[in-house]
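K.L.:
According to TrEMBL:
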DOMAIN    1-68  domain 'SH2'
DOMAIN    155-205  domain 'Phorbol-ester/DAG-type'
DOMAIN    218-409  domain 'Rho-GAP'
Amino acid sequence: FHGIISREQADEILAGIEGAYILRESQRQPGCYTLALRFGNQTLNYRLFYDGKHFVGEKRFESIHDLVTDGLITLYIETKASEYISKMTTNPIYEHIGYATLLREKVSRRLSRTKNESRKASVTSEENTPVEKITSLVRRAALTQNDNHFNYEKAHNFKVHTFRGPHWCEYCANFMWGLIAQGVRCSDCGLNVHKQCSKYVPNDCQPDLKRIKRVYCCDLTTLVKAHNTQRPMVVDSCIREIEARGLKSEGLYRVSGFTEHIEDVKMAFDRDGDKADISANIYPDINIIAGALKLYFRDLPIPVITYDTYSKFIEAAKISNPDERLEAIHEVLMLLPAAHYETLRYLMIHLKKVTLHEKENFMNAENLGIVFGPTLMRPPEDSTLATLNDMRYQKLIVQILIENEDVLF
């Protein structure tokens, strides 16, 4: 560290010594520190940050020496091989070998195990929704494109990663250079690629169950792709149980079950997945199962009605003409990710069944809208005022979805 010195002084000190570096405090901005590094017969200056580790950009190093070493490696490769680097993504091996091949093999193995269950689920789905009532034919065709596998598109969840030992990019098959943070890794499927290559990887992530540690609080699309199901197994299991023994229960979904028992159900799903036992022998109070289902929806990092579509649904709810409002809601439904659409469709079919027993359970579409409005949709910004202002429209959206599920879906 050379104290407060100018760029010119730093240049004089480092002149002629390739790879040398010093730290200095800025003359113009006291308290700001700069790394001056000699490379390619010129002095390069970088704003230096410290948060317990030294970093320039997004890489964090235990020492300045490690930061400089990594910087020199990166500068050397990017200088000597810039033309090659610019062409790395133009002829990728991604479609032919590496991750894509492993993915196909992994999916094939999984499909051989789940073939019967998938077909069964597909048949049940068709029974629940008569063909003559379907208006969203294109979306339905996409959902049932393959009898054995639910083809939901999912983007990779890339995070900067430090690889121990030599590592190669699974998109372009080239070496990933540097000491740390050499590339990115998908947290859901384990795909390893250069950061620049990650921009070209298609949205074909196939989450690995070994990496999905829980069921609740997990992204909806990630969960269904990991388990190769149409909908989250929590939704299927809870609805199946409620329809078997709770449709006539007074105040269904409005009456709360014991919080500690609902947490038990949550832990059972996180621990045992679709093998979780939520039968009457274990949980005789159906409100516990209903509470666990509502908790699942509340805990989703992205709500069933996504943040991207939230404002469009609210605007549609404000339309006064009923027919135009219904058409607007239908158009927004088409913008939902496939897994979210299918989950919402299945839930609305179930809630319609609940309303058919209104004489016993006292739960009509409006009451269910009050319960499920804030559960299924939340404003993108965490604003109490926005939530309060939108509550009546949230209720109205769910009410309309229930009352018109045979037309909208």
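Yeah, the Cβs are placed from backbone N, Cα and C, and that goes for glycine too.
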K.L.:
For the domain 'Phorbol-ester/DAG-type' (155-205), DSSP counts of helix, strand and coil?
P.N.:
3 helix, 13 strand, 35 coil
K.L.:
Provide the three-state DSSP residue tally for the domain 'SH2' (1-68): helix first, then strand, then coil.
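P.N.:
Tallied per class, the domain 'SH2' (1-68) gives 13 helix, 28 strand, 27 coil.
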K.L.:
Average the per-residue pLDDT over the domain 'SH2' (1-68) and send me the rounded value.
P.N.:
88
